[in-house]
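Data block below; observations after.
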Amino acid sequence: MTRGGWTFGLAMLVIVLAGFLAPHVLKNPFYFFAGYVILQYVVIATGWNILGGYAGYINFGAAGFFGAGAYASAFLFNAFGIPLWGSLIAACVIGAGLGLLMGYLTLRIQGVYFAIATLGLVIILETIIHNIPALGGARGMVVYGPPPPGWAAGPPQYMFVLMLLIAVASVSLARWMQLSWVGRGLRAVRASEDAAECSGVPTLRLKLLACAVSGAVLAAAGAPYPFYTSFVEPVTAFSLIIGLNAIAMPLIGGTRSWQGPVIGALLLATTQQIATITISSELNILFVGVVLIAFVALAPNGLIGLVRRKGTEARL
Amino acid sequence: MITRRNFNRLAAAAASGLAMPAVLTGRAFGQDKPIRFGASISLTGALAGTKNGQIGYELWRDDVNAAGGLLGRPVELVLLDDQSTASNIPAIYSALVDVEKCDVLFGPYGASLTAPVMPFIKQRDLFMIGMFPLAGNDQAKHDKFFHSAAWGPNSGTDWARGFFDLAKSVGVKKLAILANDLEFSKNAAVGGAKVAEEYGMEIVFNQSYPPNTSDFSTILRNISAANPDAVFIGSYPADSTAIIHSVREIGVPDSVKLFGGAMIGPQYGSLLSSLGPELNGLVNCHLFSPEPTMQSAEIKSFFDRYVPRAEKEGVDPLGFYIPPFYYVAGQLAAAAITGAGSLDQAAMAQWLHANKVDTIVGPATFNEIGDWTTRRVLMVQIQNVEGNDLAQFREAGRQVIIDPPELKSGDLIHPYNKARAG
Amino acid sequence: MTQFDLFMNVVATGVLLGSVYAAVALGLAITFGILHIPNIAHPALVIMGGYFVVHANRFGVDPLIAALVGLVPFYLLGMLLYSFYANTFERRGRADVLQSLTLFFGLSLVIEIILVLAYGSELKSLTAPYIGSSLRFGPLTIPSRLLVPAILGPATVGALWLYFRYTNSGTAIRAVAHDERALSIAGLDPAAIKRQAFGLATATAVIGGAALAMIGPIDPFSGRFQIGRVFAIVVLAGMGSIPGTLVVAIGLGIAETLIASYLNPAWSPGVAFAMLLGALALRPQGLFGTVR
């Protein structure tokens, strides 16, 4: 392991420990409710960026993967009483499967078609759920999860720690993918797919791998959701806001590295959480729209790109 | 700062009904502090059409403060926007309780936003007035939850029973059910099917359609082909309009005696005036109608003040459906606080379970899970509408109450085609 | 009504709905199909066009006339949008797909909220003498509410087809899609031509918006439901084929109503995408496109 790797591992360990200790320091449960949502977006942004950032394939259907994960865990718990860790694994498998399917159908052609196909993924999944009575259809499913284990201070604290673990795992995975041969290959795909193919990079297989991993992480973000809200129904599980944030957050932070989506998600989700309890109006969404346009126009490589612009220019 | 924190801790302890007598916290620390009422409202997103409820809250607050407040303290509202998104709800209610230190909570609008808050209030053992969630407390069975809307007991199945009572009374044998694939209308359809079965009706058509369907001619033709005696529809505003248009264009068979049921939209001013006479004959659910059997000085004064504000804010200029019940929510909470003599959540709930409250929409009593003990969902038939003038809908005789019997203000005209002709 | 009559009515409704889809998708067929700009804000622009028509209708203007008048400001708006787009990206060379998609995504949010702030989030509808009546042709019952907007689709397709075919600027737009360099060598400014094409595409948004608003009430977010469908149509039609757009849109309309009638309306939203995914997997160049 490199020195950077040790530092990263140590930092992650400290974050996890801090997460376990936090409920003993911070007494106000609101921080854990809000923290859960923010961490959920860290996972979503990180998952999205594995495909969108590293390989340059835009996924408009992040909400589809998220919702699939949420429905998987809600159904498994209500029907078979499968605990959260079990449904988390199931959600990852389903998410990876969906990713592979989408990739297999569309990745052999230009990236923009993939983006368009993902637009439809949400609608197809929503239609399917509407037509399966076992999943509650449009009426949704009430999920009363088990009480949190004894070591947790309460439900929000437990959900927070759980999401923190998922976030740390996703970020570590994203970092590994970026630094390993996978990341190198994907960067080559992003720069020029033809050139990469000619120099022997197995582009299709790499892209499929990225699709699967990205899908799995996005679905993992959704798996605890039914236990957080006690309720899933198609409109909110496949909410457009999830798809919107999944794109906006990496873009604001920077799509080229694992830090970008984390920074973007922390910034944007925190702003949104504060905005929800302070200024509350349509201006909130307008703000996201304007920020998106501004970043595309003025800082296409996100905040990280903005900071590094003076340094190394034109890296692949 | 420290005193405030201490106060909050005491208030929290009092709220859980364990440590301090509530009277002490109320008297000793809160003499001049306003009582804070917290609620999540949907200012943006899919449910933004319900934001006119805010006017109901605000009119109530102004009335209470003008009358000297509650327990000698002024009343203050803390309203946060949930963007119609269920995932925002847990954090919002935690913010209302843990950050904003609200004393009393009102629920968010509707069942899908209320479900996420139920475990929270149950775990914290908090008092809440729920806003329009059908069967909102049927699963959680929290003993401190009360509905402001008069859905009645067992509302998941029964709230639209009035439609089926009418259907039975005119001898309906074959029923068609059509619903939008959204939570409220789908629930209405499933509940309706149960009641119809109970009444021995045959369901000859039962389908749902995706939200944002704009053409219903195909569906209506299929319904006509099934030759039903009544058509029960659960729809949202956009599709309600499209369905009414399609009825005019394609027609329905003469066998249809009743048409409507659970259509959202023909309660709102914009839709009533844009469709005008096309709505004649529709039998549809409502919660308030300006008929003599429901009028009172209080409700009149409410609408006198609601209308100018609604017009200024560009929300529903009639406001029959939602805003009065936001005012009612305030009245219920106020009665509970005054009755209990404190903000002790258990004492408030206990008082509200035991006593009748006179609200602007009539007297309310509650069962053990906070449903109104009697269902007061109206089935109104739209009659005598001429032209597209909005003002006519403020008059009696346009939205005629035909069920429940105790509020009945006119007779059902049937079959539907005869009622449509006027 | 016999089974056959029912079937004929279903197909007729499908044709009408499909023609309206074509009116909504046309602008995208130009921006995405010809200029290769993935303008996902187009449905939002269509709704904005719808609001323009609704606004004019409040003063008693007929929706069709309002739509014709609206062509001019929307044409100018489109040119402005293209200038912004070009200024943002052309300086950097080729536009990154991710970035242009995000730009238009942001734009559609901004449009929606502007509409909410200006008109509120309530549904808005049109009034016109022909809304509410219906025509009968033998066993067919055709609502004018569908018929009038459905004529807009083919009419606009026809007009655009003639324009692309027989005018110099139309030919230039088709040329810019194929070889920009050759065009500049011939002394034409590709940026100006593209700007013109984008303006044209945006102008069609008023027509699409008028069509949607005639069928039923709209709210600021109505466009979101159309995004998937219009992209599916443009891609299936083979990127930029104007007559192809009409044919595919009508085919989709028929497929959706058939499924709604004989299977269950609840399945119809999936139709567009099932067709799209199938097509992408089997025939990526679209039904009317050529292999590139």
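Heads up, residue numbers simply count up from 1 along the chain you see.
Every residue gets a Cβ built from N, Cα and C, even glycine.
Residues or ranges marked as transmembrane segment by TrEMBL: C:7-34 (among others). Away from its own ends, the transmembrane segment (C:7-34) comes close to residues 1, 42-43, 45-46, 139-142, 146-147, 149-154, 156-157, 160, 173-174, 176-177, 197-198, 200-205, 207-208, 211-212, 215, 226, 229-231, 233-234, 237-242, 245-246, 249-258, 261-262 of its chain (Cβ-Cβ under 8 Å, at least six residues beyond either end).
Within its own chain, the transmembrane segment (C:64-85) is flanked in space by residues 37, 45, 49, 52-53, 56-57, 95, 100, 103, 107, 148, 152, 194-196, 198-203, 205-207, 209-210, which lie at least six positions past its ends and keep a Cβ under 8 Å from the stretch. Annotation source TrEMBL lists transmembrane segment at C:64-85 (among others).
Feature annotation from TrEMBL assigns transmembrane segment to C:97-119 (among others).
Here TrEMBL flags C:146-164 (among others) as transmembrane segment.
Summarising the annotation, TrEMBL assigns transmembrane segment to C:197-218 (among others).
Sequence annotations record features per position, and here TrEMBL assigns transmembrane segment to C:230-254 (among others).
Sequence-distant neighbours of the transmembrane segment (C:266-282) (same chain, 6+ residues past either end, Cβ-Cβ under 8 Å): 228-229, 231-233, 235-236, 252, 255-257, 259-260. If you look up TrEMBL, you'll see C:266-282 (among others) marked as transmembrane segment.
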Go through the chain and flag residues at least 6 beyond the ends of the transmembrane segment (C:230-254) whose CB is under 8 A from any CB in it; none is fine as an answer.
11, 13-22, 24-26, 28-30, 32-34, 40, 42-43, 153-154, 157, 160-161, 164, 177, 271-273, 275-276, 279-280, 285-290
Distal contacts, the transmembrane segment (C:197-218) - CB-CB under 8 A, six or more residues away:
20, 23-28, 30-31, 34-35, 37, 39, 42, 45-54, 63-64, 66-67, 70-72, 74-79, 81-82, 85, 123-126, 128, 131, 145-146, 148-150, 152-153, 156, 160, 173, 176, 226
